[in-house]
Amino acid sequence: MERTLENLDHGWWIVSHEQKLWLPKAELPYGRAADFGLTGEKALQIGLWEDAPVWLVLQKREKDMASVRQLIDQDAGLFQLAGRGVQLAEFYRSHKYCGYCGHEMHPSKTEWAMLCGHCRERYYPQIAPCIIVAIRRDDKILLAQHTRHRNGVYTVLAGFVEVGETLEQAVAREVMEESNIRIKNLRYVTSQPWPFPQSLMTAFTADYDSGEIQIDTKELIDAGWYRYDQLPLLPAPGTVARRLIEDTVARCRADDE
């Protein structure tokens, strides 16, 4: 899967180091390897975008290294490929040596994995499953400001799935821990790879069942029920959180007409 780049190799270039990628002109570079000084570098093709290959190069550039968040408002498919590249780059960087025997490892030629030639151990990229849920109560939606969101954004509740827990159990637990609310009528909506750092967001909607809001101050700054036409500052378009909010708001509005 890995190859040495030649002058005329072309496509989209994910040049990544330590969970950042190279974004000259604030966008993912497209063109020939020679155009970006990549001739002779090792690269992996990790997908196709608009019929052109997407290449991953493990390299740090002196400037224009930025978070993949800068691509979040672009096409979802391109953002997903960029996220894959950043996650794979970090996986290869952090798995140079075997955790069991300490010997140097090498990439598999057939799958996204690192192999130890000494003890034959095989490592795969770690993915952290998360849940995210929009909760409706009549014509209102539960929105919260998280401690990590200091910009005033309100969003839906989310959290990591714990060991030995189903997705449904994780939703109920996270909602209760963060807001003291019980839910019912849980429904799966969609999923979204989320490279911050290596998550897979699993999105649900649910209805309010019982309880009064009591926030976990370690996780939330504020939370409340917001009528569909009186919403606070929301997450950016392109995020699964924004989709959940918009879907819930649309149902509230339709039922109110």
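One is the number of the first residue shown, and numbering goes on along the chain from there.
Every residue gets a Cβ built from N, Cα and C, even glycine.
Swiss-Prot annotates Lys25, Arg69, Glu111, Gln192, Pro193, Trp194, Pro195, Phe196, Pro197, Gln198, Ser199, Ala241 as substrate-binding residues; of Tyr97, Tyr124, Tyr228, the candidate listed for that same site is Tyr124. Note on Swiss-Prot: of 27-48, 71-92, 159-180, the range annotated with the feature motif 'Nudix box' is 159-180. Of the listed candidates (Glu121, Glu212, Glu219), Swiss-Prot assigns Glu219 to the same divalent metal cation 1 site as Ala158, Glu178. Long-range Cβ contacts of the motif 'Nudix box' (159-180) within its own chain (Cβ-Cβ under 8 Å, at least 6 residues beyond either end) map to 128-131, 133, 135, 142, 144, 186, 199, 202, 204, 206, 211-216, 219-220, 223. Cβ neighbour count within 10 Å across all protein chains ranks Ala241 highest among the binding-site residues Cys116, Cys119, Ala241. Following the DSSP three-state reduction, the secondary structure of Ala241 (substrate binding site) is helix. The Cβ of Cys98 (Zn(2+) binding site) lies under 8 Å from the Cβ of Glu104, Met105, Cys116, His118, Cys119, Glu121, Tyr123, each of these being in the same chain and 6 or more residues away along the sequence.
The closest partner of Ala158 (divalent metal cation 1 binding site) among the binding-site residues, by CA position, is Ala241; the full candidate set was Cys101, Glu111, Ala241. Here Cys101 (Zn(2+) binding site) comes close to Cys116, His118, Cys119, Glu121: these same-chain residues lie at least six apart in sequence, with C-beta atoms under 8 angstroms from its C-beta.
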